[in-house]
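A quick write-up on the structure given underneath.
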């Protein structure tokens, strides 16, 4: 049976055979290779890094990715602001459990009804993570709101008194209409979320072209809702197939996990679960790679060792 697994870039800290005292026990080696938590990731690139999280197709997990990546960055010690750019169907505040704390939005800031710091909602669990909503549900945006207004907003975050955040994450609405164009305008990086089905891949390919036309060349993808049992049964495309079709660097592979639904309904992101779920660990590793501007590779293995589970995606 043909299956796939992924190999992550090894940690910069390497164990030398000439120093047996520093070599970990063999039983800990897979855990060390999987989690890479022996050091703090090094922030690459100029800050603040403006990253748009998009897909083209709706329902593939953009908002879930934004929430979990954002809180993972905060847990790694970096400051992050997540902007919910989905005007008509705002959901990021629900996934974060902050829906009752959104009193002001960007519309009130533009109208002069409040200050920018009043519209920013600081997370109650991690103070270095903040949420900013464009508007309230079922409200109408000003006719002049567009890409230039979002650029002004990002510039205001860069120049605020307490200092700019390390990351500005923009949760892009579905589709490729005006809302999409507005969301990608201030970004210089993109995370493309897709699932291993042909409809999602076609939309992702179209969005990749639009991002490149807008000057965004740093595009990485997250493959969401991966089921190894269906891949083994050849009922689902493998991650390697997805990567070959889209030709994008791979930021993360997220398994299908029932904990996603539970965490969504509770307003409690997966990465905060104890013990962590497999999907939560995958989001944390994706955040790690985002910090260091790293990627992972999908590798096809013709003969799979016995008793190999989903951890094979991470090289474990």
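Every residue number used here counts from 1 along the chain in the order it is shown.
For all residues, glycine too, the Cβ spot is worked out from N, Cα and C.
What TrEMBL records for this protein:
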BINDING   57, 58, 59, 60, 61, 62, 63, 64  ATP binding site
DOMAIN    51-269  domain 'CobQ/CobB/MinD/ParA nucleotide binding'
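Within 8 Å of the centroid defined by the CB atoms of 57, 58, 59, 60, 61, 62, 63, 64, the record's ATP site, lie the Cβ atoms of 55, 65, 174, 193, 224, excluding the listed residues themselves. For the domain 'CobQ/CobB/MinD/ParA nucleotide binding' (51-269), the model's average pLDDT works out to 93.
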